[in-house]
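Please read the structure below before turning to the comments.
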Amino acid sequence: MEKKTDEVFDALFKLEEIRQILRDSLPTGLDNDEKEAWKSKLSELNEIVQKLDSESVTRPLKKIAGTIEIRSREENYINIQPIQAAGRLTLEARKAIIAYGDGYSTCDTCRKPFRLDKISKPPIGDFHTELARFVNMDQARVVPGARRGFQAVAQTMVQRGDSVIVSSFAHYTEFLAVEGAGGQVREVPVDKNNLITADATATKIEDVIRETGKNPALVMMDHIDYQVANEHDVTGIAKVAHQYDIPFLYNGAYTVGIMPVDGKAIGADFVVGSGHKSMASPAPSGMLATTDEWAPKVLRTTQMVGDLTSRKFGVKEVEMLGCTLMGSNLIAMMASFPEVQKRTQNWDDEVKKSNYFIDALLTIEGSRVLSEYPRKHALSKVDTTGSFDIVAKTHKRKGFYFSDELSARGIVGEFAGATRTWKLSTYGLSWKKVQYLADAFTEIAEKYELPLKSKT
């Protein structure tokens, strides 16, 4: 059966038009004009539903508000975009967006002490407790993206001129968080296998002590880096940090929400996760978890008093700027959470799917994987300079021929025009889709007469 994506969106939007009638009406019910509008819209909806059950082809949907394209890549395509794969909303999260899309929708029943993590209806307070338990830490807060978690910790721990140890694969937001606090990043080099080791971290710490005369203020390290998606020895690195009495921040932007993370077993003082990258949540969303030892500092409450009014806001947490996610982002994050918890237990299967695809890609002569292999993550960096890029050199569309071929097979998310080094993720795809994806790549290779190896 042909997909009826446009009709599904048309029906959803028509239901919203019907919903608007309810919003415009009095609490006592619909007046005569509203009843007529209801009947008219319902008739239009029934026509759309009939089209859903027919083979007829209808016109494409109009744009939202006249200018915004309908985003249907998750319905119509296999999306391998690395930063989108684990952020796809669950069904329950999409329902939450519908019900809680209005501005401060979390605040309907906010009561004293007037703080987000204390709200009981919806159960936001309980969610904060569950988040901390999820990563085996003592306390947690939701934040507008992992970057705000980095920022909160850096502003707490780093003074002007302090050094902060980071990976040479560190994300730019880690740099900015340190810079904003007045600190200076000091990068640990990767080894020949593109891995950050505990020994290299210890050497860097010693270098900093020798040069500055004092310990770094913080060690901030990615478990899985975003550049080549290798797994780094965060447990060993945390142990080294603590040997020097330096607090350790675990960057779980590519782990929290997709694979099991035990903050205390790792030795983390702070765990930062990304909701929109790895927890099936809308952007911006994320989490910061910490221990009871560090919570009084990073979650400190304001002590400031107004000089004229004597006002004070004692329950508001300074680094959080008070409340953080006050609407549908948070509720969708909460709605996805049961499924997110469950899917972390299937991580081994996700890794198997990643290796299935990479194994298929490597049968195409000249293709390489730049990430550690066998894969330990669903995100991979590959090099097709010796395969698909050879075709690009003589093709009239250059590297865009490859995007054309993938798109024709219903695959999107690769960096358009890239045929040399690029990244993709198989996370969240069913086995049926992973097999289809692997077959599509070998089909394209065969079409352009690129030699294939036999599978081992």
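Each residue, glycine too, has its Cβ placed from N, Cα and C.
Now, the feature entries from Swiss-Prot:
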{"type": "BINDING", "residues": "Ala146, Arg147, Asn251, Ser274, Gly275, His276", "note": "pyridoxal 5'-phosphate binding site"}
{"type": "MOD_RES", "residues": "Lys277", "note": "N6-(pyridoxal phosphate)lysine"}
The residue listed as 'N6-(pyridoxal phosphate)lysine': which of the binding-site residues Ala146, Arg147, Asn251 have a C-alpha within 10 angstroms of it?
Ala146
If you count, for each of the binding-site residues Asn251, Ser274, the other Cβ atoms lying within 10 Å of its Cβ, which residue has the minimum?
Ser274
For the pyridoxal 5'-phosphate site given as Ala146, Arg147, Asn251, Ser274, Gly275, His276, which other residues of the same chain have their Cβ within 8 Å of the site's Cβ centre?
Gly145, Gly149, Ala253, Val272, Gly273, Lys277, Ser278, Pro284, Ser285, Gly286, Met287
Out of these recorded positions, Arg147, His276, Lys277, which one has the fewest other C-beta atoms within 10 Å of its own C-beta?
Arg147
Ten-angstrom check, please: count other Cβ atoms within 10 Å of the Cβ of Ala146 (pyridoxal 5'-phosphate binding site), all chains counted.
29
Work out the three-state DSSP category of Ser274 (pyridoxal 5'-phosphate binding site).
strand
Site extent for pyridoxal 5'-phosphate (largest Cα pair distance over Ala146, Arg147, Asn251, Ser274, Gly275, His276, Å):
15
